[in-house]
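According to Swiss-Prot, the protein carries these features:
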COILED    47-76  coiled coil
MOD_RES   THR57  phosphothreonine
MOD_RES   SER117  phosphoserine
MOD_RES   CYS223  S-nitrosocysteine
Amino acid sequence: MAPAFGKCFMFCCAKTSPEKDEMATESYEAAIKGLNDLLSTKADLGNVAAAKIKALTAELKELDSSNSDAIERIKTGFTQFKTEKYLKNSTLFNHLAKTQTPKFLVFACSDSRVCPSHILNFQPGEAFVVRNIANMVPPFDQKRHSGVGAAVEYAVVHLKVENILVIGHSCCGGIKGLMSIEDDAAPTQSDFIENWVKIGASARNKIKEEHKDLSYDDQCNKCEKEAVNVSLGNLLSYPFVRAEVVKNTLAIRGGHYNFVKGTFDLWELDFKTTPAFAFS
């Protein structure tokens with residue numbers, strides 16, 4: 001049986017010892033008390049100083065409350081998972097403790113509204129998942145984007161997945177950012193995002209050229225799917241992916257989840273990426 005959450009949190013997750021945590025709590029409470037005492041004893045404090053002290057006191061209390069809420073959410077979330085899933089599916093989790101044999105490698109956006117385990121009801125052990133901004137798959141390059149490359153290699157070469165699914169979605173902020181990049185414009189102050197979404201630049205260019213009369217929002221909608229097609233094409237630049245596709249032991253598909261309408265579109269890669277199915 002898994003250890004109790006309280007022990008797990010204290011010994012596995014905490015960065016400080018219990019003694020230091022207690023000291024930190026005492027220091028925090030002492031700071032609050034000191035500020036309140038200062039307000040009550042120093043009647044001659046200027047209005048500005050008094051207001052700043054009150055604001056600081058309120059901010060400290062709010063921060064403590066926020067931290068407590070976050071910890072409680074994590075605790076109750078794990079407790080519910082353990083009670084409703086882990087303990088009720090002992091056979092599955094005993095098997096997963098020894099190995100994993102997922103059938104899917106899934107690329108999905110980091111957007112909090114599009115978790116593939118929820119929208120496609122994947123159970124533990126079913127899908128090896130990679131999430132990033134705008135669900136991008138960069139082309140094969142051993143010197144760049146090695147995190148994605150390592151995930152693809154592990155899933156295809158070692159886990160022997162039979163399916164790769166790249167899922168785009170409605171209202172994607174990454175795609176909106178991509179479509180907002182102007183030709184020959186100076187780089188933005190973004191440290192990572194702009195260069196990352198430019199992986200889908202060919203999708204942006206195609207939509208801009210073929211649908212120049214559409215509104216920006218409509219262009220973004222089309223680019224959400226076209227960027228998936230670019231990622232599907234990029235997957236074929238990985239030698240180990242291409243080899244399995246040629247042997248017909250690996251299928252590559254694109255998907256698009258519209259959480260506004262509650263629909264999911266699915267299409268297969270036949271080197272043309274033509275739409276095949278739609279669910280509603």
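Heads up, the Cβ atoms here are built off N, Cα and C, so glycines get one too.
It should be emphasised that the depicted structure is a prediction, and the values quoted were computed from it without experimental measurement.
All features noted in Swiss-Prot, drawn onto the structure.
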residue : record            : CB count, 10 Å
THR57   : phosphothreonine  : 18
SER117  : phosphoserine     : 14
CYS223  : S-nitrosocysteine : 26
- So what's the mean pLDDT when you look at the coiled coil (47-76)? 78
- Task: Would you identify the secondary structure of the residue listed as 'phosphoserine' according to DSSP, in three states?
- Result: helix
- One should report the C-alpha separation between the residue listed as 'phosphoserine' and THR57 (phosphothreonine), rounded to whole angstrom, as 42
- Rounded Cα-Cα span from THR57 (phosphothreonine) to the residue listed as 'S-nitrosocysteine', Å: 48
